[in-house]
Structure formats: structure tokens, C-alpha cells
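Visitor: Dropping the structure in here first, questions after.
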Amino acid sequence: MSDEQYPAEETTADEVYDFRAIQDRWLPVWDELEPFRAGREGDVRPRKYILDMFPYPSGDLHMGHAEAFCFGDIVSRYWRGQGFDVLHPIGWDSFGLPAENAAIKRGIDPREWTYSNIDQQKKSFRLYAPSFDWSRVLHTSDPEYYKWNQWLFLEMYKKGLAYRKASWVNWDPVDQTVLANEQVLDDGTSERSGAVVVKKKLTQWYFKITDYADRLLDDLNQLEGAWPAKVLSMQRNWIGRSIGAEVDFEVEGHPEKISVFTTRPDTLYGATFMVVAPDADLAADLVAEATPEVAEAFQSYLTAVQKTSEVDRQNAEREKTGVFLHRYAINPVSGERIPIWAADYVLADYGHGAVMAVPAHDQRDLDFARQFDLPVRVVVDTTAPVTGVLPVIEFDGEGVPILPDDIESIDPAVTGRALTGDGRLTNSGPLNGLSKTNAIRRAIEVLEERGTGRSAKTYRLRDWLISRQRYWGTPIPILHGEDGELIPVPQEQLPVRLPASEGLDLKPKGSSPLGAADAWATVVDPDTGRQLRRDPDTMDTFVDSSWYYLRFLSAQDGTQAFDPAEAEKWAPVDQYVGGVEHAILHLLYARFITKVLCDLGYVNFTEPFSAVLNQGMVLLDGSKMSKSKGNLVEFADELDEHGADALRLTLAFAGPPEEDVDWADVSVHGSAKFLARAWRVAKDVSSAPDVDWKKGDQALRRHTHRFLAEAPGLTESFKFNVVVARLMELTNVTRKVIDSGAGPADPAVREAAEVITVALSMFAPYTAEDMWHRLGYEATVANAQWRKASPTLLVEESVTAIIQVDGKVRDRVEVSPKISVEDLEALARASEAVARATVGRQIVNVIVRAPKIVNIATTTF
RNA sequence: GCCCCCAUAGCCCAAUUGGCAGAGGCAGAUGACUUAAAAUCAUCCAAGUGUGGGUUCGAGUCCCACUGGGGGUACCA
């Protein structure tokens, strides 16, 4: 055994693991080496693009950041160890309201608050040590960044994808700005300010995301398995495509037809009235020539509806309300005359703002019909079984189907329950006897033949409202002429810089602060000399984040938003890591903008993020941490007390990354203990780096190589907690070999220690770096490559075969892994334990799965 | 209401995807070290997988129903 100590100079017997000393020692070394700069000249390694959702600079980093960036970093460091050139950039999503609100509160410039927070976060990140490429840092509030936001806007404007329209918009009365649909929560409040959002009619800028609705929906199929199922389902839901038909109804005494959208054209014969949204223009048209009494009734109803809060209006339990407009529509297939009502259960901005009401087969229509005593007519007999696609039903002499006797017992008018199931069409002329599916198809054919309807699709998705009446955002690069003309700012004049906030009143007041900056807002056209006004609004900050992943590829490029050649090299992002709170907003917008950029020829892919990992939340005692509730774990405190490595390891080990972590359930101290343990193993290795591992302890080597065989798959499927557990196991085994086995000089001990060090560097880079150094290698372990598992070491010399009788373990035998089915069965049959267990029983079947298990099935005589 | 996910030891979590329920950690117990405690180290202890059925030679794993918890979504025609 060699007594050589390696490296000799700093290995002393009483040295203990000291995370502060280790951090202090290696941080400057890493700063010097910049090991994570990606895309260096001549680098021929295959590439991976790993991206964390960039942070918003509100104060210092918190535990949520610690978790998300920990996972992104594990993935990044893993792929680096697998021989990839990994791009793992960092930037700041630094435009937005909190900066502005803080600025108003303290009377300072939003820039000051924003950039000092960014500096603080950068410092914390440096110590936390994610493997960022610091040469590509971007801040969306830099003119060098938002210039390209403006470029993007103009590209979209040229294509007709950015447009202005007057519409009812969501207005946040606290922040005094409009909001996108996506920013309004279910309860009708603003996701940012919490205020109850009201509707206001304003002329605003929109991005035409609805043009991409089908692609945004259909392309989700490509992401199946690579994105969280939950996110896919939320996006599908949000886009909300409905397939059905448009049906045109004539209106008595009205020149224009009313079109309605329905998913159930098969029930057209059951439409006994029509309902229009009271706040739709259509309703106003219909009462225009009404009697004063009707007009007045409608007006007071409309006023009441508009006073109803969004919260109450969305409550489906609410009693149906409405008012009869004293107008009649004509059913295009039956010619039947049906009354038209206005009711707020019909939404003005979905479909055509009007529905054909089929109370027998739609619960809402039925509730309404029962409320106002309107007729209910069953046209689908849901008691008739549908056994095939072809109708099988008896008809009487006149072609009327013979219905079961008990149809009355399920009459929805009586039960109050609409019949929405499948069945046979009845009371429906040419549709009689058809199943629901066939009747839908046939009804559309009939409508198309008569020219009174057609198949149609409708979406829940609305166009993306992007203008904001606030200061701290990207100015919209449009000039307004006095005649209302819109003039795009020429490309060479970009960026349109934000004016200094000094002297501007940033307080929310319903109009953009930029409009008051006269010197900034007034522009004289050099050609014509006429005065133009700059658009006073700024862009939704989700525009900034919809393409930032591309800017990282050319962060320093002053000539273009990004270099398409770089995009071809790196994009799309291989792994995106971030919170599920962005499941709809950010991810949908980024997907949309990517498709637009693809159509414009700037990129050659249609989806920005090939895979997404949503980390869970960090909780304390079962609930979300918050300063006001007093249950807060401060990132800075944890970092100071336990160090970056212990904190990161704790997050990785706490459980599956997509699950929430309760800080009360984990032990940072336990993680620190393990780090010290692993570190001591490396410290104790006393063989030189060039020893021949093959001569080492074979049992330990098998453990090491089993780890090497398992860890990559586990890491790639994000089972970081299991990888850590396996590392602990391997460390324990190695410790035993050092203390009571082959000893610290055994070559297998060095092999195990090196494998532990390289794998541990994913979770605990400082500790691993120090271990790597003690093992005799140059910094940095981040460049160390994972070894491949040796197949010969994975084959066990003998395995334990289980012998069961009727599924219960009765015996076990040591066998060769290559044992034949016959031999194993013979061994099993020869077992005394089996003989005891089968006394008085007859063996009926023997299942052999060599070399693992034999199951003997028996029966009593 | 509809859709999705989850339920394994006191706690956090594993289980090669149908083959011995336990890898790892926390807590606990015992011992070593210490005048003592903390820290550290060593050893040990622990459930038959939420409930009821089914498929199978064999079920934590697949199927059905239920219970409990979490999430998404909803007058979207």
C-alpha cells in the first residue's frame, strides 16, 4: 500500500469542512476562468441551450429564485459534464409597474430602483453561483434592448399584426391602465393590483394573436411529453377552440340577419327563442325602433347589467335575468317564428353575441326558459340507445319515429335538467332518427344547401392588448398626425428613448405620463414641417419577454435584434425552467411571437421552448411564504448561515422538482452534513491520480459503475432527489471501504471519489471544486466529464432469485445471472421451503423469470 | 359542475414501469467522544402502500368505484 499523500501540501489530519473558506477560495478563481462562456470560437462540441425564466428585479432574490435557478443549473452543469457546449444566460425583466410604483412612493427615478435591485441580485447570484454566461447579460429596460422591441412592433405593424381598435377593455382603476385578458383573474380582479377590473371603451393597440389561434393550439401536440401536461391543458383551455356552425336567422322587420354560433346545429329544430347580449351593438339595433316601453325596459336592464360586477356576472348560480325585445326571428330550417330576448348570460364578445336557445338541450337556455316560461321542445331522444353510426329506429307510417313511452318522465321542462347526451333526433324534419354526430353533420349540410349557415370555428382567445398607460415600458414607435394618420418611426431612428422621468407626473391618472412630456412627444416632420405627436403609451412588458431568449444569442449586437445564424445554432431553447404561473401568459405570447418571427423568415422553428420544467413552490408550514404572514425564509439568511452548496443541495434533495417544498420538512443542516462527508472522502483519498483503477476493490467499483449507469437517466428525467440519494449511498459505501475495507489508497476509492465529485458538482459546485483540487486536478470541475459505466462491472457475479409459492416468498437462492429457465425451475422444485409450503397442495403452474423470480402456483386437491 | 394530478414508515421521499415494499434523508433510540451538554461519529428502530372491488401465477404499479388532499377551468353557446 502506498503511503503517498496527494496533494500533500494541504491535507492535514484535523482539517475540517468549512464552507465559508471554500466559497472564498473558489469564487475568485471562477471569476478569473469564466468557465461558462458559451459559443467560444472553434468550439466543436454539440450545443444545448438551457434557460431559466429571467427574474424581475423587485428587491433581492428569494427562495423561489433559489429553487428555480438551482434546477436550471443542475441541468446546465449536467450537460456540460456530458460534453456539451451549454448556453445558460441570465438577464433581467426590468420594465414594469413595481418600479414605477416604488418610484412614485419614494420620489425617485424608476431607473434608480430598478438598477440598484439588479445590482443586488447580481451580487447574490454570484455567490449562489449558477453557471451563467455573464457575457450575455441583458436588461429589458436598456435602450439597447427595447430598441428591438420597437423593431418587433414595427415588423408586426407592417404585416398587419399590430393594429388599433376601439373596444371594451379591462381597466384597472388602481394602476390606472388597461390590462390584457390574461392579466385579469377569475374573480375579475387585476393580477397585479388586486383591484376589481372595470370595462372601459378605449382605442388601443393590439397584436393579432387570434390569427395564430389554430397553430398555437395544434402545435401543442408537438410538445406533448416535453411540457408539463398541466401547461398544455391550460393553454388548450385558454385558446378554447369550439367547432360548430354559424346559423343565419332572418328577423321580422329588420333588414339584417342575425348570425349565431352553435356547437349543436343538430338541435336547430329545438330552438324556441333567441338571446342576444344586452351590451352588444346588436341589442341596441334591435330596440332602435321599439316602442318606448320596450326601449325603456331594455335600457334599465342594460344599466343594471353594466352595474353588475364581473364577479357576480360570472357566478353561474345566479338566477337568469333578461328582457323581451318584442322582436321575432325566423328559424331558417323550420320557418318557425321565435321571440328574441336580451339576457346577460350571453356574452357580447364571444361568437356573435347572440345564441339560438335550445332549452331542452342546454342547461343555461333551460334555466332561462323556466324563468320566463318559454317553450321547451325535446329534439334529441336521449333514452334511445345509440349503438352505431347508422340510425336504427322504428318509424310509423308517416315517417315519425316511434319513441319510448317514458320520454315524458325525462322532460327537461319538468325535471329542470337539460338533456345533453347522445340520442336519436326527433321533431326535427330531415334530421329525425339520426344520432347526434350524424345530425350535426347533416344539419350543416342542410344549412349550406339553403345558404343560411355554414360550419364554423370560434375561439375563446382574444387579440392581445399591448398598450399601457404607464411610463416604465417600451415606447410605442408610432407618430400620430393631426388627421389621425399613423406614421411608423423609421427604423434608423430607433430606439425611441424614454424621456427622463424628472418633471413628469408618474402617478396613475388614466393617461400616459409620456403624453405630458411635450418636448418629447412633439415631433416635426422634416419633410412636410407638420407637427406630429408620439404615441404616449408603452408596451405590455410581456412583449419584452416574448423574444428575450433570442436576444441572449446576440446580446451585444447593435445592428439587429439577433443574428439568425446564431439562432440556427442555438435555438430553440432545449430546456426552459420556470414557474407554472407563466403557463398561459408568457409561454403563449412567446410561442406566438416565435411563430410570427418564423413567418417573417428570422427563425426556422415554430416553437421557442422544446421542453419546459415547472418547479414547485417553496412553502413554509404548508402555506405560501409572505412577509405579512410572518412565515418567511429569507434567501440571504439561508445563504449566509449554510452556504450556497447546502442550500442548493437541500432544494435538489427535497423531492421531485415539480412538487412544492415545505421548508419545515427539509433539513439544510442534513445537507451540510452530507457535503462534509463527501468532502472527507475526497480528502482521504491517498492514491495518485494516475493509479490503475482496474486493480481496485471490485465490490466498490461495481457500486460506482452502477451509479454511473443510473445517474444520467435520473438527471435527464429531473429526478434530482434520487440522484442525490444515490450519491449519498455511494459516499457511504466508499467511506466504509476507506475505514474498514481496502483503505484510502485503494484505486477504487479514488475512482469512486472522482465520480462522486463530478456528479456532486451539479448540486454543490464549491464543495466539488475543492474536492477536485484535493484529488489533484486543476480547476475547474465544471469542465470535468462524466465517465461511462463499464458494462462488465454492471454484471453481477451472482443474483438472489426469489422463489414464491402462490405469490408469497418462500425461499431465495443465489444463482448465476445467466442461469437457464430449466435450471432455475429445478432449483425451485428442489427447495425444502417450497416442499413445506406445498404440502397437501398440487402444483398447477410454475412461472419462471430467470434469473430473478420463480412463482409456483398451487391448488388444493 | 367539468377536466387533471396526488395518497408508500411519525415526517420528506425511493421502488429497474407487473416480480423480495426501502435507496437516501429528517425525527427517534442506543453507544462512542466529553466533567457535562452541543456538535460529530457508529449502530439500531420503523409501514404492507387512503378504502372497497376487479384483472393476473404475481398489483404500490393496470382497470372500476369511493374517500381525502391539491390544481386548472366555467353562463364560451
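Keep in mind that glycine also has a Cβ here, set from the backbone N, Cα and C atoms.
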Visitor: Looking at the ranges A:33-43, A:55-65, A:418-428, A:451-461, which is given as motif ''HIGH' region' in TrEMBL?
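Guide: That would be A:55-65, the stretch labelled motif ''HIGH' region' in TrEMBL.
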Visitor: Can you say which of A:44-48, A:319-323, A:624-628, A:639-643 is given as motif ''KMSKS' region' in TrEMBL?
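Guide: Checked against TrEMBL: motif ''KMSKS' region' maps to A:624-628.
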Visitor: Name the residues of the same chain, 6+ apart in sequence, whose Cβ is under 8 Å from the Cβ of A:Lys627 (ATP binding site)?
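Guide: Same-chain residues close to A:Lys627 (ATP binding site) (Cβ under 8 Å, separated by 6 or more): none.
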Visitor: Report the mean pLDDT of the predicted model across the motif ''KMSKS' region' (A:624-628), rounded to a whole number.
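Guide: A mean pLDDT of 77 is what the predicted model shows over the motif ''KMSKS' region' (A:624-628).
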Visitor: With DSSP, how much of the motif ''HIGH' region' (A:55-65) is helix, how much strand and how much coil, in residues?
Guide: 3 helix, 0 strand, 8 coil
